[in-house]
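Undergrad: Let me begin by handing over the structure; questions about it come next.
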Amino acid sequence: MPTIGIFVNLQKDRYLDVTRQLVDELTHQQADFYLETSIAAALQIPEFGMEEEELYRNCQVLMALGGDGTILGVARRAAPIGIPIAGINLGRMGFLTEIEIGDLKKVVRQILAGRYEVEHRMMLAAKVTGPNRPEPLEIQCAMNDLMVTRHSVNRMLRVVLEANNGLLDRFSGDGVVIASPTGSTGYSLSAGGPIVDPLLPCMVVTPICAHTLHSRSMVLSRDEEIRIRAARPEEAMLLMVDGQESYAIFPGDEIAVARSPYEALFLRLQARDFYSLVRNKLWEWSQ
C-alpha cells in the first residue's frame, strides 16, 4: 500500500471534521499516512505528523482537502517530484478536486488497492531576463496560468507578444494571461478565452481587457515559446503564478513562457467526463 500524505486547507475545514473522517478511515484500513505537523497535533496524533517538505519526500500519494486553489499549490510542489494527487472537494468550483466528501470511504479503499489511473497534465514555465536583473528569474511550474499585468493601476499597459515565428500581437489593456489546458477554465475563461480539453497539448493566450477590436484569445501549440514585454521600456509589470504568487517585472524585462519540463499527476478514480463537469460547473456559476 502507498504511504499517503495529507494536506488540509484550514479555511475550508476549520474544525477538521472532514480530516477526522479521512484519518479514521485510513486508520481502519491500517494504512500508512502522515499529515502536516500542526494538523497532526491538533488531532492529537502527533506521531502521524511530518514537516511539509518531508511529506513531499516520503509519501507516494498526496491527498489535498480544500478547493481548486489548494490543489494548485500542492501541484506546483509535487510535480518536480512526480507524486500523484487526489483532491477532496471542500470548495465551490471543484474542477481539480474530483472526490466528494460522501465518497471518502470508497475512495480510500480504491487508492489503497491501487484501483486508479494517473492522469498527466501539462504545466507552464517562465523565465524572466532583463538588463536590471543580475540573474534570470525562473519559474518551473505553473498549473493553471501565468498572468502579466500592469504594475500601476492608473494607466493601461502596452503589451508586445511574440512567439517562435515572430510578432503575435501588440495591444493596450490590463495585461495578458497565458493558460495551460487545465487553466483554460480559470482566469482565461473570465477574460473571454475558450474552454479546451485539459489533455490537449496547447497554450491559450488571452488579452485582458484589450482596448482594441482585433486582439482575441489564441490557442498555440505546446511547443511554442511566447515572449512578453512592455512596449514602453520604462514600464514595470507584475507576473502572477496561478493567482497565488507574484513577482515584480522590472523595466526592460522580457518574460519567456513555455511548456514546463514537469507534469502534474492526478489520480483518476472513475471514468473521465470533462464535458459533463464543465456543463455542471457553468450552470452552478450562473446561479
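All positions are counted from 1 along the displayed chain.
Including glycine, each Cβ sits where the backbone N, Cα and C put it.
Remember, predicted model here, so these are calculated numbers, not experimental data.
Checked TrEMBL, it gives:
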| type | residues | note |
| --- | --- | --- |
| ACT_SITE | Asp68 | active site, proton acceptor |
| BINDING | Asp68, Gly69, Asn144, Asp145, Arg155, Asp174, Thr185, Gly186, Tyr187, Ser188, Leu189, Ser190, Gln244 | NAD(+) binding site |
Undergrad: Show which residues of the chain containing Tyr187 (NAD(+) binding site), separated from it by at least 6 in sequence, have their CB under 8 Å from its CB.
TA: Asn144, Asp145, Met147, Val177, Ala179, Gly243
Undergrad: C-alpha of the residue listed as 'active site, proton acceptor' to C-alpha of Gln244 (NAD(+) binding site): distance in Å?
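TA: Cα-Cα, rounded: 12 Å.
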Undergrad: Counting only residues 6+ apart in the same chain, whose Cβ is under 8 Å from the Cβ of Leu189 (NAD(+) binding site)?
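TA: In sequence order, Ile195 meet the Cβ cut-off.
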